[in-house]
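Data first, discussion second: the structure below is written as structure tokens.
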């Protein structure tokens, strides 16, 4: 059954609960990170981002965002330690962004919104594949990185330059030899909490790891994101903007910080 969810007035986040009742669940994402309430947990290990041998495959406009997909048939591109037990393989990354530079991120920090947010999606190898992993509360680890307006990040440029060839829903092109390490900030200090996918089916299977330090993106780079379309090629044009879910109630969850 194909649910036509999106980000518009009639199919946007406030409607998702009708088809996906877990939208009102106990561990939904994103959230606002209140830095005063987030407790430093000295037992949290430093995050190990082992992206030495990434094999990127293609980039695709899925009508909600665009995904850069990776070969996840081996442990060459993994996330481990930090709050995680075991090894999590990178399967894809995507972004959420706004119609203007003042909004676009899904998570917020003390209610502050960033221009965009990068999600690097990893699945727990103990479950064998992504489809099985999402059925478990510790199935996924998503590394969230804020983008703030500033100088252009060189590591983003190869992505940005490809967007014009995947303007509409369903379009994809080969996208090889991309190094996701170019998307990481210098510091890997993070906040972590148990949460969910931020798009339907909104499954509560994610250990969120949100980095404190943003990367920068230029206004020119952001404009290229906004040139994408939600629609398929022959359909009326709908600019792909504001593809973010608003923050959800914390419902008693504790956000932990890896830093003082």
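These residue numbers are counts, starting from 1, taken along the chain as shown.
Using N, Cα and C of the backbone, Cβ positions are placed for all residues, glycine too.
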Site co-member for Zn(2+) according to Swiss-Prot, given 94, 96, out of 74, 119, 122: 119
Between residue 64 (active site, proton donor/acceptor) and residue 7 (site 'Fine-tunes the proton-transfer properties of H-64'): CA-CA distance (Å): 8
Listed recorded positions (7, 62, 165, 199), ranked by Cβ neighbours within 10 Å, top entry: 199
Distance check against residue 64 (active site, proton donor/acceptor) for the recorded positions 165, 172, 199, keeping those with Cα within 10 Å: 199
Per-residue Cβ crowding (10 Å cut-off), top of recorded positions 67, 172, 198: 198
In sequence order, the recorded positions (165, 172, 198, 199) whose C-alpha falls within 10 A of residue 67 (site 'Fine-tunes the proton-transfer properties of H-64'): 172
Which recorded positions sit within 10 Å of residue 165 (phosphoserine) - Cα, from 62, 198, 199: none
